Amino acid sequence: MKESEDIIINNQNRCTLHPNKNLEFLCLDCKFMPCCSLCTSRKGEHHGHKTDSLESSASNIHSLINDFKDNIYPKLIERKENDQILLKESNETFKEIQSQNDDNNNLLKNEFKQIHNILSFVELDIEKQLSTNLDQNILINTIITSSINNDNKIISTILNNNNNSIIDKLNYFTQINNQQDNDDNDDCYQIDTDTIELIKQYQNSLLILKNSNNINNLTKLKEYNNQILKFDNQTINNIKNSFKSIYSFGDIPNDAIDYNINNNNNNNNNNNNNNNNELNNSNNKNEFIKILNHNFYIYSESDESSFLTDDFESLAFKDNCNILSKLKKLPNNVLLLSGFNQKLTKGIIPEGVKVLYIGDIKQELIIDSIPNTVTTVGLWYGFNQKLTKGIIPEGVKELRLGDIKQELIIDSIPSTLTTVILCDGFNQKLTKGIIPEGVKVLYIGDIKQELIIDSIPNTVTRVRLLDGFNQKLTKGIIPESVKELHIGNIKQELIIDSIPNTVTTITLCDGFNQKLTKGIIPEGVKELYIGNLKQELIIDSIPNTVTTVRLCDGFNQKLTKGIIPEGVKELYIRDIKQELIIDSIPNTVTTVILCDGFNQKLTKGIIPEWVKGLCLGDIKQELIIDSIPNTVTTVRLLDGFNQKLTKGIIPESVKELYIDDIKQELIIDSIPNTVTTVRLLDGFNQKLTKGIIPEWVKELHIGDIKQELIIDSIPNTLNNVYIYKSCKKLIYSFVPVNVKIVNI
């Protein structure tokens, strides 16, 4: 027992730095630090310091003990507490890293699954094209083979009847016939069964030689299409190289924004598309986040003065938003970042704020958290608050929902809302009543839960399916209340009845990539907007019931005869990319509107002779004589029209001319003598010198024109001048006395 106690005592007396040496000294220069002989040796930390041996340092040991008690011990306690805090933070940070790693792996799998799907779709599409081509060639081969076999069967019957050669029979018949001719006895000529058979075979032979099977087969032979599949190795290499840039690793700062905001607004599709938050530095040194084309400047207490003195349209807050009550001018748009930890009692967000975006905030929302002046609310990725009735006030008209974490229930969304936007990643089941019946407009991105009948309420009249939308649209998913449908680059194939017959207007946005076979667009559709489609239009893609077609900027399809069906009456054309040809516009079209940016040559016949009304915007190709057919009776020159109107450009068939704010000066003969009615509309800004309005004009309508009239601006051959309320110029003194003035 004594020996073990000695071992413990000896171990306790050992130097921590040099375990083989005993503690012998106290260093007087280092707050009585205990030392061994090695500590004080030439290479030791305390070499040259003043020391006392432990045995002769009673007073120093008392000082050491007191310092241990009063100073060192409390610091040890504090150190232990700090270490626990640090350990907790370390574990929490590591837990977040593990969680982020799981998210990263899930994202990796999901993204590459999409890439694999895309490649699979491409492979299937190529296989389908190969199969289609083979099927067409099989059909050609079958037709040729069947035709030839049928002919050969008949020919073989003729040539080899009863195992006797036809030529032998013919020779025999000729011999017999010659004998009968010598006998010169036609009346006694006997037609036996062999002769009848030869006559029949002769008929069959003539029919075979007369039919066009051989010619048809030669034609069919040329229809064979032997395709060779080629891959563009340069493009493949570019794709391979581009894969290296599809991802990046970025460090997440402590105050990072941990959610994404999707901007799916298409403009037209516009074309829209998903914008992640971007943390930026502006010219005024404040950090900002870009959301939906707004820069949300992140409030910092260290720079409060700049926020108090400057005006900000959009502000973002990390911890609290108390400064809002101090600002001389409220921002219209407010963003509460993830981690925001202030209880939003009434008035914290003052009235006057119009748009409120909320991330993963930490305090519960209550009634009056959101002021009544807010008209747009966005609940973004990670939002984790219960939305009971009244949380979203009735003043809100538009609601954007990302991947929120709490389940929506009936009354989560107030019935006063008119617009709901379901952003990419939204992951809630939409059972009946979740989207209330007051909603009129619904945008849907790449949501993760399947739509079912009654997901969309019967009050919705406009639906926009954004790029990435990936739901099967079986009959009834889009309710019959919907009248207007916008479709972007959706991922599931449209089928007959995907679009209800009640839809009257469809917009096919840029990137739309579906084959439009007959019946996909239902016969109830009257108006069709078409952007830059990825699949070729074919005859019957557009049903005959459509009366108005609008070809938007970027439209890139060849308009051969029949693509635009004969039911169309009104055609709008913007900056399309394929050349118009004769018959591109069907003869049923009576009104053509060439909008700003239209950039096609209008040679004779492009606009067919059935067109009666023509509107011209800021078109880019010069008009020439015969660009406008002689059948047109009404022309409107829209704002921005920038063409010189020399004699003959507007044909003599025109009776009525509307003129907006055009950019080129009118000259004598710009307006033909056949025009009887001229309307100078709001914004018209051209000088009207004598003769500009020809003497054949009988009615002149004047709106808010910008140029002063002068004497002889208005010819005395007019019957009536109609002056509209919007007109601000002095008109009356320039109207000839014989012309009647009518105020409208």
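Every residue, even glycine, has its Cβ placed from backbone N, Cα and C.
What Swiss-Prot lists as repeat 'FNIP 1' is 340-376. Sequence-distant contacts of the repeat 'FNIP 1' (340-376) (same chain, six or more residues past either end, CB-CB distance under 8 Å): 257-259, 261, 291, 296, 317-322, 324-325, 330-334, 382-387, 390-400.
If you look at the repeat 'FNIP 2' (383-422), the same-chain residues 6 or more away from its ends with a CB under 8 A from one of its CBs are 259-262, 264, 357-361, 364-377, 428, 433-445, 447. For 383-422, the entry in Swiss-Prot reads repeat 'FNIP 2'.
For the repeat 'FNIP 3' (426-462), the list of distant contacts is 262, 264-265, 274, 401-404, 407-420, 468-473, 476-486: same-chain residues at least six beyond its ends, Cβ to Cβ under 8 Å. If you look up Swiss-Prot, you'll see 426-462 marked as repeat 'FNIP 3'.
Per-class residue totals from DSSP over the repeat 'FNIP 4' (469-508), listed helix then strand then coil: 0 helix, 8 strand, 32 coil. Summarising the annotation, Swiss-Prot assigns repeat 'FNIP 4' to 469-508.
For the repeat 'FNIP 5' (512-550), same-chain residues at least 6 beyond its ends with a Cβ under 8 Å from one of its own Cβ atoms are 268-269, 271, 487-490, 493-506, 556-557, 562-572, 574, 577. According to Swiss-Prot, the repeat 'FNIP 5' annotation covers 512-550.
If you average pLDDT over the repeat 'FNIP 6' (555-594) in this model, you get 94. The repeat 'FNIP 6' annotation in Swiss-Prot covers 555-594.
The repeat 'FNIP 7' annotation in Swiss-Prot covers 598-635. Per-class residue totals from DSSP over the repeat 'FNIP 7' (598-635), listed helix then strand then coil: 0 helix, 6 strand, 32 coil.
Residues 616-619, 622-625, 627-635, 684-688, 691-701, 706 of the same chain sit 6 or more residues outside the repeat 'FNIP 8' (641-678) yet have a Cβ under 8 Å from a Cβ within it. Residues or ranges marked as repeat 'FNIP 8' by Swiss-Prot: 641-678.
Long-range contacts of the repeat 'FNIP 9' (684-723) within the same chain: residues 659-662, 665-668, 670-678, 729-732, 734-736, 738-744, each at least 6 residues beyond the stretch ends and with a Cβ under 8 Å from a Cβ of the stretch. Annotated repeat 'FNIP 9' per Swiss-Prot: 684-723, in sequence order.
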